[in-house]
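Asker: First the structure, then my questions, so here it is.
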Amino acid sequence: MAAAALRFPVQGTVTFEDVAVKFTQEEWNLLSEAQRCLYRDVTLENLALMSSLGCWCGVEDEAAPSKQSIYIQRETQVRTPMAGVSPKKAHPCEMCGPILGDILHVADHQGTHHKQKLHRCEAWGNKLYDSGNFHQHQNEHIGEKPYRGSVEEALFAKRCKLHVSGESSVFSESGKDFLLRSGLLQQEATHTGKSNSKTECVSLFHGGKSHYSCGGCMKHFSTKDILSQHERLLPTEEPSVWCECGKSSSKYDSFSNHQGVHTREKPYTCGICGKLFNSKSHLLVHQRIHTGEKPYECEVCQKFFRHKYHLIAHQRVHTGERPYECSDCGKSFTHSSTFRVHKRVHTGQKPYECSECGKSFAESSSLTKHRRVHTGEKPYGCSECEKKFRQISSLRHHQRVHKRKGL
């Protein structure tokens, strides 16, 4: 079996005819059903690729095929390859027509004319398969994730949505049968003149916008198949618990962690220092103080940090970025926490109040230092003379005395 060689023009635009393989009647009769199916798939995918690249071979000034312009209509009786098919109805142009006409002959494979039952693949939306190929196709999904990549999305022949009356391969209103597996049919629009969402080809191929929205999160998707895949990842159950602040969660452990914000409950205890936390994640981060773990490294100076947000703030030292600017005085800051404290200079706000004497402070660290006046706590001890101090600044000042003596 010899196929005609591909012809590539030296100059000019490549047309669909240039990349298509043509068969004579004798050669076509020698092809098996599997070979004809393969020929059909390859030809349709080539057509999709040519159209997506703008290499459409239609009439001059004619736009590339849109989601309402490409369809293949097939009469009930079997035609011979390369037979004359009306170019106005059966194919986009006279050059593609004879080639696409060959594809119509695949319609009689595996008992299509016997109106055998077709099956829908749940993972691939409305794509239809006969009984034998359906089971073979289902095996392809075993051990793989159902999401399909963008390259596959671009294959027009694999993504056209069909509207079928029942599960028969014959469209009941016209009495004409269609090549369901080709993926290039428009049935309902042919009879009603209207375009149904189920007959629209994927908007990604045609450069359209996302028309399918998720009712749960309002995200938009280019195809209904992708939307279906997204919806499978959403929680299938209603939120089991609601908080007084309006937040909800379908997971009880997440809700319990959130509740700790309101109840001040701290059920997680550090086994080393006894400090309490309202969530397990906060406890794990705290334990890095005891273990010395610093998993976040600066690529510029190789410094390590316990928290990711500390690394992000540190990197602004290298970039010079100061994203937080005071609208009152024009000062800018690298840290949001420093900026918040600075704003209190202008507002006079002092939210931290001492319960012993009623004195207020703008920073929590200032209140902590002040409390030591009442408690008598002196946590900073000198390693040379064992003197203790309430503030670390006082300790550093004292240590200079020992350095001078050592000189």
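Just so you know, the numbers here start at 1 and follow the chain as drawn.
Each Cβ is built from the backbone N, Cα and C atoms, and glycine gets one as well.
Per Swiss-Prot, domain 'KRAB' is recorded for 14-90, and the stated evidence type is sequence analysis. The feature zinc finger is assigned by Swiss-Prot to 91-113, 119-141, 212-234, 244-262, 268-290, 296-318, 324-346, 352-374, 380-402. Residues annotated as SUMO2 cross-link in Swiss-Prot, with a large-scale study or a structure entry given as evidence: LYS176, LYS198, LYS251, LYS266, LYS308.
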Asker: Can you tell me which parts of the same chain pack against the zinc finger (352-374), counting only residues 6+ beyond its ends and a CB-CB cutoff under 8 A?
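Answerer: Counting only partners 6 or more residues beyond its ends, the zinc finger (352-374) has Cβ contacts under 8 Å with 341, 344-345, 390-391.
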Asker: How many whole Å apart are the CA atoms of LYS308 (SUMO2 cross-link) and LYS266 (SUMO2 cross-link)?
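Answerer: Given the Cα positions, LYS308 (SUMO2 cross-link) is 23 Å from LYS266 (SUMO2 cross-link).
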Asker: If you count other Cβ atoms within 10 Å of each one's Cβ, which of the recorded sites LYS266, LYS308 has the most?
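Answerer: Its Cβ has the most other Cβ atoms within 10 Å: LYS266.
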Asker: For a three-state summary based on DSSP, what are the helix, strand and coil counts in the zinc finger (296-318)?
Answerer: 11 helix, 4 strand, 8 coil
Asker: Write out how many residues of the zinc finger (324-346) are helix, how many strand and how many coil, based on DSSP.
Answerer: 11 helix, 4 strand, 8 coil
